[in-house]
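Chemist: One structure is given below, represented as structure tokens, and several questions about it will come after.
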Amino acid sequence: MAMDLVRSLLRHVVRAFYETKHVIILEALIRHSALRDEDFAVMTSLQPKEVQKICGKLREDRLLTMHTKVEGKSEHHRTYNKTWYFIDYQVAVDAIKFKMYRLQKRIEEEMTKQAEMKGYHCPRCSRKYTAVEAMMHVDEFMIFQCELCQIPLEPEAESEESKRSQTTFSNFNEQLVRVIELLKSIDEVVVPVTDFTKAHAEAVPPAHVESISDGFPHMPPGSATPTANLTTTSSQVAIDFVSRAPGDETAEEKIRKEALAQSNQLPVWHTQSTISGDLTYAGKQSQDMGQQHHSQQETIVDDKSAKIVDDEAIKTFYAGLGNGKRESEDGSQGEPTAKRIKVEEDSDEDEEFEDV
């Protein structure tokens, strides 16, 4: 009950006297209990320096409290300081009471000052008298009269500043009536003590926090996935590899590449001189790249046709080898007969020589 009254008081005060960015920061602290400056930067999409400036204003007015915490204590990590912000509700309530008292006192002093400045004037000589001076010039009928003309003085009309002060005081009572009622209700209850240990223990991490190691004692609601009833299942994945030769491109792919190359071409004023019309360095480079690409395409086509010619030559070569083998076999069968005939002729000649 007491905390609900205090939170409602803070919401009314920050919306009545501060800008929207201050309202967002304080509302985030009310909901999350404790946050770091980097959390504010992520949640509000502001720069860290801007966040520190906003929090500095609220801290100056004692609506929030800053605490420096040492984090990163482990064997393999260095320690570093983190700036945390939380709301000390007792200090915030006392600060609001003091601010309200000062504001009300200032308005009352302004109204009293305007009332004292209101005096009297003489309708004949237009001389002005303050209330104290008019009391020094009283006739036997206790009427204020002019020192020179000896005629009764008339009160001055109410000034614009006096009317403005009265309007300000009435607006103060009308607009801050809810704040005054909440302060009276809080005076009847006991506001619990809030320090950093308690605020950090009750802190609700924002949605971008991924693990407890980020400095929060709990994970944000709905962010952690329970692992008690999880079972491992195997999934089958089929991967097909299709090999394609460099020249085997579909018509759609060729059209797509040509369109991409056309869109990547440099404008005319980059490739050609606007005076002489000659190719510039960029134009020559683009032309060389185009010729190189064209030569690569021709090389691919030539390689493919050369491969076909080589296949036909290999087939012809092996066919010729087969025919030559058969001819050699036939020749080897006829050679012994010719040799025998030649040997017989030589022996006959030898016999004839011996007879002679």
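Along the chain as shown, residues are numbered 1 onward.
Here the Cβ of each residue, glycine as well, is placed from N, Cα and C on the backbone.
The annotation compositional bias 'Acidic residues' is assigned in TrEMBL to 345-356. Summarising the annotation, TrEMBL assigns domain 'HTH TFE/IIEalpha-type' to 6-97. Annotated region 'Disordered' per TrEMBL: 319-356, in sequence order.
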Chemist: In the domain 'HTH TFE/IIEalpha-type' (6-97), how many residues does DSSP put in helix, strand and coil?
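Modeler: Tallied per class, the domain 'HTH TFE/IIEalpha-type' (6-97) gives 55 helix, 17 strand, 20 coil.
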Chemist: Any idea what the model's mean pLDDT is for the domain 'HTH TFE/IIEalpha-type' (6-97)?
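Modeler: Mean pLDDT across the domain 'HTH TFE/IIEalpha-type' (6-97) comes out at 90.
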